[in-house]
Amino acid sequence: MVAFGKKLRQSQIQEWQGYYINYKLMKKKVKRYTQQIQVGTQDRHNVLKDFSRLLDSQIEKIVLFLLEQQGLLASRLSNLGEQYDVLIQHPDEAKVTELQEAYRAVGRDLLRLLFFVEMNAIGLRKILKKFDKRFGYKFADYYVKTRANHPYSQLQQVFKHVGIGAVVGAISRNLADLQDLQDNHGSYVSIYDQPAYSHPDPVVHSIRAAVERLSNSTSFLHFLGTHAFTMQDELPTPSEEQDDDQRYHFMSLLLNLANTFLYMVNTYIIVPTADNYSLTLGAAATVCGVVIGSMAVAQVFSSVYFSAWSNRSYMKPLVFSSIVLLVGNTLYALAYDLDSIAVLLIGRLFCGLGSARAVNRRYISDCVPLKLRMQASAGFVSASALGMAVGPALACLFQTDFKIYKFTFNQETLPGWIMALAWLVYLLWLSISFREPPDRTKESVVPQESTSGQFVNVSVDNGFTQPLLINSETKQEDEDEDGDGDEDCDDAEEDSDKIQKPVNSIVSAYRLLTPSVKVQLLIYFMLKYAMEILLAESSVITGYYFIWSTSSVAIFLACLGLTVLPVNIIVGSYISNIFEERQVLLASEIMVCIGIVLSFHILIPYTVPQYVGSALITFVSAEVLEGVNLSLLSRVMSSRLSRGTYNGGLLSTEAGTLARVIADGTITLSGYLGESKLLNTTLVPALFICISSIVATCFTYNSLY
């Protein structure tokens, strides 16, 4: 493969060579800093200060040249505008054609400038990544946030490119107007009045594609500056973007989100009635922990085979999931008439075996175009949150008792029957409307660095475009004459993650986890454990202390679920813009700990305000913590875990599922001590795990920052 340093030198526009980011110099600086710190001649503070100064200087050089070139383009456009005004008064078809070609020439020069900005943005991204990798800092996060949010930020010019947008608009409008002058003999229809009415000039099309790629290239900086919740390690090439567009199908995405929603409803719809169902079948009320947790037990295994299956297909796993869930819910409902706790548990195990959440996540990451992926991810979160609220809410509506033939329909069995019917309808809808995405072409060449520059168009003749960069399939020279072959090897080594095969076992995946990733997974385990303890034992606790009815428990759980979306909106829109993510992370952990402590029943009588208040603190804090934790986890996870069966999403899912299994098992085991001791007994391990995660967080982030 061609390392970025060599690719940058090969693709530089010769007359602009002195204005590109000096990637080679900065790599050497990073290497020198490493050696100096190892021998003790430099400290961290001086290294950060010196490297920040170097980056500021490089960005200033790029931005000032960018502004100069924008001025030249603006001057040319101004002159062409004067010619256009004269042409309007005295139309001449030959001069119209000549003026169109002049505007296209400006467009081609703009393409060169767009490519210049993109290559520099990628160089900046890579050098920040290299610095963090060598020193274990989160310097990129610090640098971009401090520069991007400053009122005199030069970095804003790199990823806002407002001036470039104005030039694009001038070229697009004037080319459209000139074409309109030719076609309609002077009748004027503005592209601003009717955006859909525009002439697709090849140059304009190429410029728009280049601007979109530039936006993707600089989105890394924009996301860091606004504390976005996810960041792709690599950017898609134009061919990959086109492939994503071909694989995207709105109805299939909607079906994928519907599967997410229904599964969450299926998970929580039985929580308010699980204890009564257990008593009806002759078991203790605390066996509800096993009933609820058996679904999570099966999900530990189903996540793996669904993740592997999604490498080959999306529709088949979803069909299988629907069938298994249909069977599982039917068995859950029939357990009442069969008077069998075993059938009840088998039904819930089947429901867990139908968990296709790994497929749901994978479909969004693989089949939704980058420009829609954030909205699709938000839809996934919203569907999950809505399902969490709707499940218990439905349970409070099933206050009835009747029979049809030998089948009983009451508050215990109706959740099973209703969900079985829902999955049957979903299965029919899936069979009719889902479209299997086309298989990705198996690449026979090594994946290239997705700079997007290799596809930037600079000449347009009769609709055909020519690539600006030399195709990166050309053979790499053994070494450059300037002797920096070792430096390019560093680049190749840095990018080696993305050309290696995905890990093929859970053990291999675990070996790739750094201490910070392990801490993030511990936090995820803790918050899922605390939430499961709160939700799964709610019917037993409220029944014992407050004598709540099933409807009251269902309304309480539904209200908790409804807090998810508002809380995430507040955190995403306000809190994350004021505080750093690691600060929000630690504060959320402390709040979860406070919520757990307030939940204990010690000496004084246990009251509804104490229980509801502590539950709200615990649940809301855990929700905040989950969003921030997954955001940080996506940044520190190895790129080798981004694809394949044993990916980062699977690891986090397994951590959360194991937490739920252990929490539900804790509830059942604690039940043998009696319902009076259930609350405190289950909270003790939750408090211990929470304190451990806080200590681990403080230790890990103090060592990194």
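Each residue's number is its place along the chain shown, starting with 1.
Cβ coordinates come from backbone N, Cα and C, glycine included.
Under the heading domain 'SPX', TrEMBL lists 2-145. The average per-residue pLDDT of the prediction over the domain 'SPX' (2-145) is 83, rounded to a whole number.
Positions annotated as transmembrane segment by TrEMBL: 253-271 (among others).
According to TrEMBL, the feature transmembrane segment maps to 283-306 (among others). Residues 267, 270-271, 274-277, 317, 321, 341, 344-345, 348-359, 506, 532, 536-537, 539-540, 543, 645, 650, 653-654, 657-658, 660-661, 663-668, 670-672, 675, 678 of the same chain sit 6 or more residues outside the transmembrane segment (283-306) yet have a Cβ under 8 Å from a Cβ within it.
Per TrEMBL, transmembrane segment is recorded for 318-335 (among others).
According to TrEMBL, the transmembrane segment annotation covers 341-359 (among others). Counting residues 6+ beyond its ends, the transmembrane segment (341-359) has Cβ neighbours under 8 Å at 256, 259-260, 263, 266, 270, 277-278, 281-283, 287, 290-292, 294-299, 301-303, 306-307, 309-310, 314, 317-318, 320-325, 327-335, 416, 649-650, 653 in the same chain.
The feature transmembrane segment is assigned by TrEMBL to 380-402 (among others).
Annotation source TrEMBL lists transmembrane segment at 414-432 (among others). Within the same chain, residues 255, 258-259, 262, 265-266, 269-270, 273, 315, 318-319, 322-323, 325-326, 329-334, 347, 394-395, 398, 400 sit at least 6 positions outside the transmembrane segment (414-432) and bring their C-beta atoms closer than 8 Å to a C-beta of that stretch.
Residues annotated as region 'Disordered' in TrEMBL: 471-498.
What TrEMBL records for 476-496 is compositional bias 'Acidic residues'.
Residues or ranges marked as transmembrane segment by TrEMBL: 521-547 (among others).
Annotated transmembrane segment per TrEMBL: 553-572 (among others), in sequence order.
Here TrEMBL flags 584-604 (among others) as transmembrane segment.
With a threshold of 8 Å between CB atoms, the same-chain residues lying at least 6 positions outside the transmembrane segment (683-704) that come near it are 136-138, 515-516, 519, 522-523, 525-526, 529-530, 533, 582, 585-586, 589-590, 592-593, 596-597, 599-600, 663, 666. Summarising the annotation, TrEMBL assigns transmembrane segment to 683-704 (among others).
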Considering the transmembrane segment (553-572), which listed stretch of 253-271, 318-335, 380-402, 584-604 counts the most C-beta pairs under 8 Å
380-402
Residue counts (helix, strand, coil, in that order) that DSSP gives for the domain 'SPX' (2-145)
127 helix, 0 strand, 17 coil
Within the same chain, where does the transmembrane segment (253-271) have neighbours whose Cβ lies under 8 angstroms from its own Cβ atoms, ignoring anything closer than 6 residues to its ends? I mean 6 or more beyond.
277, 291-292, 295, 314, 318, 321-322, 325, 329, 332, 348, 351, 354-357, 359-360, 363-364, 367-368, 376, 379-380, 383-384, 386-388, 390-392, 394-395, 415-416, 418-419, 422-423, 426, 429-430, 433-434, 535-536, 538-539, 553, 557, 561
